[in-house]
Amino acid sequence: MSSKPEQKETHQANGAVLPIVPMDCLTSPDRGQLVEPSDFLGPDGDGVEVVVLESRANAKGVREEDALLENGSQSNESDDTSTDRGPEPASPLKETSFSIGLQVLFPFLLAGFGTVAAGMVLDIVQHWDVFKCVTEVFILVPALLGLKGNLEMTLASRLSTAANIGQMDTPKELWRMITGNMALIQVQATVVGFLASIAAVIFGWIPDGHFSIDHAVLLCASSVATAFIASLVLGMIMIGVIIGSRKMGINPDNVATPIAASLGDLITLALLSGISWGLYKELESKAYVNPLVCAFFIALLPIWIIIAKKNAATREVLYSGWEPVIIAMAISSVGGLILDRTVSDPNFAGMAVFTPVINGVGGNLVAVQASRISTYLHMSGMPGESSETAPRKCPSPCSTFFSPDVNSRSARVLFLLVVPGHLVFLYTISSMQGGHTTLTLIFIVFYMTAALLQVLILLYIADWMVHWMWGRDLDPDNFSIPYLTALGDLIGTGLLALSFHILWLIGDRDTDVGD
């Protein structure tokens, strides 16, 4: 009789559910189903029946193990001995530091240049009339740019995990995942955009005590329209990136979230600037346009809700996935309040162009790490299940950055990308004469210190948060990235403002503020 370890090894080598039994005749030739024990009973009715019953138990155990590894993507009919099944998904757990860095480097640079472009756009549009007269638009900037963490990066992480565990191998599964997730992010984008405008109105009213209903409606229309259109475009891009990554043999976890960020910041900020400027122009002559825009996008909500509810993969997120995106939006709005209070101060010249860069880079790197850890845990079971890979206690910094496991290795690789990446981005900004500021050595030192400290904190929080959520039956793909990117916005904006303030105090701010 074969031992249990031998059975597991045979099962994994073949890639199919084959019940391992000691007698070749225990399966029928047509369907591979176990034959009734009575057909093999000896004259005394003993012996062989016991072997057959144990073989059934072994076959059942193998089927359950396969279902666990495939995360429920296979049905109970997987005990069919036919090997006509798609290839097993490539495991991302055997990657070396070099392969991780090589796969992450290009998307990371692409994402960084996207944030640089977004910073240059913000540096230009901050002088537009709508940004000068309705300064609360600045509060919307981190909240709406953070949608890539709340929605697009979460979508990319969710689809990357599904692709890695084989839930997008057939056209039917692929179409179901696409329609459900696209409808879901439209619901979330509309709601979060509306709530972000309310937060901007409140945060703008508290310091000054001034409230304008026209400006409030303008903020609502601009925010909802920007969130909806940006999420629609970026969601479609993300689906294409993940499908293409799988076909090229690249781990989607390494490329999907940075590419989402590379286009997310630029597209979102360009849409927000253009839409708010257009609606501001119509405010005096056609005041009814802004309420109509709000009503139109909100009226589409029931359609997206119905589509998302029909998909089992997104139904749960539709009901339980609101807490992280709403809290993340509130956290990002606090960062937006800091930006609103500093961008118009000559002592903080350059904040507008550097804020999207430092926030975007930190959010991109921590999103990659969170997505990788989540995929690693999904391959060992389901959220909430006891597993040695999901400790509930807060990890030590040494275990996060210096342990030999693959997640610690990727954390080191991502952290080492910070300095060379930011040097390239700072040089690009300086070459394009953005930021109205001269890049001195002491400025670069303070900027790099803020960037390194931000990423260090975020990677450590990611290691703790993803495992903590996993141990409490929460899917990290849906819950962790919104919190992490929002914290990246807040920490990055806060550290950058502190650096600018210290540089101003020591007299190292050589600025040239102008239009």
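Every residue gets a Cβ built from N, Cα and C, even glycine.
Here is what TrEMBL records for this protein:
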- 1-11: compositional bias 'Basic and acidic residues' (COMPBIAS)
- 141-275: domain 'SLC41A/MgtE integral membrane' (DOMAIN)
- 355-498: domain 'SLC41A/MgtE integral membrane' (DOMAIN)
- 1-46: region 'Disordered' (REGION)
- 60-94: region 'Disordered' (REGION)
- 104-122: transmembrane segment (TRANSMEM)
- 182-204: transmembrane segment (TRANSMEM)
- 216-243: transmembrane segment (TRANSMEM)
- 255-275: transmembrane segment (TRANSMEM)
- 287-307: transmembrane segment (TRANSMEM)
- 319-339: transmembrane segment (TRANSMEM)
- 411-429: transmembrane segment (TRANSMEM)
- 441-461: transmembrane segment (TRANSMEM)
- 481-506: transmembrane segment (TRANSMEM)
Selected stretch (most C-beta pairs under 8 A with the transmembrane segment (287-307)) from 182-204, 319-339, 411-429, 441-461:
182-204
Taking residues 6+ outside the transmembrane segment (481-506), which of them lie with a CB under 8 Å of any CB in it?
142, 145-146, 148-150, 153-154, 157, 257, 324-325, 327-329, 331-332, 334-335, 338-339, 342, 347-348, 350-351, 354-355, 358-359, 362-363, 366-367, 370-371, 442-443, 446-447, 449-451, 453-454, 457-458, 461-462, 465
Going by DSSP, how much of the domain 'SLC41A/MgtE integral membrane' (141-275) is helix, how much is strand and how much is coil, in residues?
121 helix, 0 strand, 14 coil
DSSP helix, strand and coil counts for the domain 'SLC41A/MgtE integral membrane' (355-498)?
108 helix, 1 strand, 35 coil
